[in-house]
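Under the heading transmembrane segment, TrEMBL lists 6-24, 82-100, 106-130, 142-162, 168-187. TrEMBL lists 294-334 with the feature domain 'UBA'.
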Amino acid sequence: DKAPLSKSLLLVPSAISILLTLLFQHYQKFFVYNLQAVKEDFQVWRLVCGRTICLDLKDTFCSSLLIYNFRVFERRYGSRKFSSFLLGAWMLSALFDLLLVEITQYIFGITINSLPSGFLGPVFALFVPFYSSIPRVQVTQVLGHFSITNKSLVYILGLQLLTSGSDIWILALSGLISGICYNSSILKVHRILCVPRWVAKIFSWTLEPVFSSAEPMNEVRVGMGATVDIQRQQRMELLDRQIMMSQVAQMRRQRQQQGGMINWNRLFPPLRHRHNANYQDHRPSEQGIPPPTEISEEQVARLMEMGFSRGDALEALRASNNDLNVATNFLLQH
């Protein structure tokens, strides 16, 4: 729902990859990411074919799962901004692929003629906004020391994709660099590499009706899954929707039922009770209060994008010492 581009990237390349592997193996040569042919024979079309369709089903499976998890960005920012990020990351990662291959040959003397095929550069680039803008919420602990969060599964999938080939580290590194460059507020790459508005309208009129899905009306009433993995995935889906719609009441009940979690009520009083008389009576003296922390407007804007008001965002950031993750968890529970 509300992610037609992610749905198309999940279905179309995966279907073509399966067809090439099972039925049309003699056409796989046209989708090989051959850098030597691009540089020497100027076969630029190989950049499009080789950097779109995976020829390894393991890469297809892992990249499809990652695109499915990264659909939250299309829901949050819209299809046009999400497609602009993918386009910019795709173009930048193609450039960095060539540069990293030349650097590897110059420094280590290793000649790399081809790289793994597929839409892997933009997938690795999406880890940059995933790390910086998705709140980290603890789900459970393993052996009392290792924390399992809502982001652990995505990082495990990325590690699995990274270890699927010998030269895929070049695609991962170029993808991460392109994601950092596109997200940088200094380079202003997002203003140059973006999808024009008229192109976005054409695709919204033609392809969006094909890949759009109706909004589920009974999602809350669906029972818990039969396995632990299904239950965990359903909790992640619910958390994503709560972040978008600011439905914090149910999150507070879930946090109170979980054991071993930090009770934020003991650290910070609820926002709606900050100015009542009881809190004023127990407030420490002004002599022992440290100087106020400078609040980052960028973090305030991120919290406001999640649906919180500016006043609540400022209060949460002050209470958490300008820590975005702590402030987000605090707002979700109050």
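Each residue, glycine too, has its Cβ placed from N, Cα and C.
With DSSP states grouped into helix (H, G, I), strand (E, B) and coil, the domain 'UBA' (294-334) comes out at 28 helix, 0 strand, 13 coil.
Sequence-distant contacts of the transmembrane segment (82-100), counting only residues of its own chain at least 6 positions beyond either end whose CB sits under 8 Å from a CB of the stretch, comprise 5-6, 9, 35, 38-39, 47, 51, 73-74, 115, 119, 121-122, 124-126, 129, 170-171, 173-175, 177-179, 181-182, 189-190, 193-195, 200, 203.
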